[in-house]
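If you look up TrEMBL, you'll see 3-247 marked as domain 'Carbohydrate kinase FGGY N-terminal'. What TrEMBL records for D8 is site 'Important for activity'. Per TrEMBL, substrate binding site is recorded for M81, H82. Annotation source TrEMBL lists active site, proton acceptor at D240. For 257-442, the entry in TrEMBL reads domain 'Carbohydrate kinase FGGY C-terminal'.
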Amino acid sequence: MKYVIGVDLGTSAVKILLVNQQGEVVHSVSKSYALIQEKTGYSEQNPEDWVAQTTSGLLELLSGFDGAAEDIEGISFSGQMHGLVLLDENNEVLRPAILWNDTRTTAECQQIYDAVGNERLLEITKNPALEGFTLPKILWVQKHEPEIFAKAKSFVLPKDYLRYRMTGKLEMEFSDAAGTLLLDISKKQWSTEICELLNIDPNLCPPLVYSHDEVGTVTAEYAAASGLAPATRVFAGGADNACGAIGSGILEDGKTLCSIGTSGVVLSYEASSDKDFGGKVHYFNHSAPDVYYTMGVTLAAGYSLTWFKETFAPDESFDDLLAEVGTVPVGSNGLLFTPYLVGERTPHADAAIRASFIGMDSSHRRKDFARAVLEGITFSLNESIEIFRESGKEIDTIVSIGGGAQNKDWLQMQADIFNAKIVRLTSEQGPGMGAAMLAAYGSGWFASLKECADAFLKEDAQYEPNPANVENYQKLFSIYQEVYGQTKAMNEKLLAFRK
Ligand SMILES: Nc1ncnc2c1ncn2[C@@H]1O[C@H](COP(=O)(O)OP(=O)(O)O)[C@@H](O)[C@H]1O
Ligand SMILES: O=C(CO)[C@@H](O)[C@H](O)COP(=O)(O)O
């Protein structure tokens, strides 16, 4: 039997899947790492932690594997998007990585609009300047840490750095490059125009490859450290949302995905780059060759739940914390939560907004708060679904993945709030499975990713919307939508009091 490995370098943890030729996950390991949040709006990680935890995860995975390391034909990656890893001339990391949920760069977004112009930026990149994207982070380092920036010879994204440490070779692939705001997404080339307008040396941008491209094999040094065989073929991999789409079979028109990880995403397949969403949703290159996807992003989706657990139930598991949410009625007995803990992206690109609980009553107990948190996250994702429906997309079935797909009450809530059938696959680990599928396709096991998806992906359960709940949630959703406008100015005044 032959195998492939999919490595999902997430924000909360690296998840490693060993997958056989039938698409079965025969072994998986997860290793977590911390976020560094020194100030409000800041979010960083140490790239060495990603490497150390992946290496230790691979060692654990291989020690529990009864085949030979040589049976593992290929490895590929899925990575948290947009995070800036700056490297010097020896490819040494110059500073901690600045992550996708770091929103310190509002001034740099304005700098981009001033230099490039809103319309031209949209023409080239198909996206607006958002704090989370990589280019504003590069400009922030250029302005605030000039001595570090002077030493920078290249930049990569999180999983590209991890892959570099395995192969000794530096590349970026199209699906992650799309989230830098430096890629001409239709031409699939770095935009020298944007680089010149912002005084960025285009040589900082690494060579571009496709997600399924073989970029080398594992170095002898990394093989010795991880237990992998040196002949293991390494494939470039993709942005976690692009890989999540592959791992959920979002490979043709009309397919929609909801992913609740640290962030939350509603994603839709696009065959071409010529649709016009006016920048309301992100528009990126897929990890399937030469196609695209659009998506709306909730910055703090699973992160809101994690925050709630760590603050109010640090010693309990997610399952224990959520055990009673099914006994609380729709609407959490009048308690409403907006998940703006670190600002928001879709539909409100706003780094200053913060979260609210509205309607707290002395009768509310922890289970009401827990349900309100789940409902608020799901309402936020529903705002992206509304944008897609308003653009004419028909959304009647949604594949749900990520940590959020582990809870049955939450899956039913998604069906009721999205008013669509929710499908859960046998593995909710879409991005890791997508990465494994890129390795399987790259290794020549299948003629296309679609063929691989047909062989590997299986439905586990379906959740149908309950009409009475749908009606109540529609009323609650319109109240939810008012909260942003009602709290925006107050949050701006509170900015001065934040850490
Ligand atoms: N049993 C569970 N039930 C519901 N949500 C969960 C559960 N376990 C984890 N989560 C949520 O899933 C999130 C992690 O999902 P994951 O897809 O692993 O994220 P990432 O890829 O960002 O590291 C956590 O933030 C948490 O809120
Ligand atoms: O910024 C985005 C997408 O634009 C995030 O979706 C990141 O890619 C992180 O993903 P998770 O760790 O939540 O999976």
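Cβ atoms are placed via backbone N, Cα and C, with glycine included.
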Checklist outcome for this item: argmin Cα dist to D8 (site 'Important for activity') over the recorded positions M81, H82, D240 returns D240
Checklist entry - What's the CA to CA span in angstrom from M81 (substrate binding site) over to D240 (active site, proton acceptor)? => result 7
Checklist entry - Given the model, what does the mean pLDDT over the domain 'Carbohydrate kinase FGGY C-terminal' (257-442) come out as? => result 97
Checklist outcome for this item: The number of other Cβ atoms within 10 Å of the Cβ of the residue listed as 'active site, proton acceptor', counted over all protein chains shown, is 35
Next on the checklist: In whole Å, how far does the CA atom of D240 (active site, proton acceptor) lie from that of H82 (substrate binding site)?
Outcome noted: 10
Checklist entry - If you skip the near sequence neighbours and keep only those at least six away, which residues in the chain come within under 8 angstroms of H82 (substrate binding site), Cβ to Cβ? => result L99, W100, G132, F133, T134, K137, L157, G179, T180
Checklist entry - DSSP on the residue listed as 'active site, proton acceptor', three-state: which is it? => result helix
Item to check | Protein Cβ atoms within 10 Å of M81 (substrate binding site), excluding its own | outcome: 29
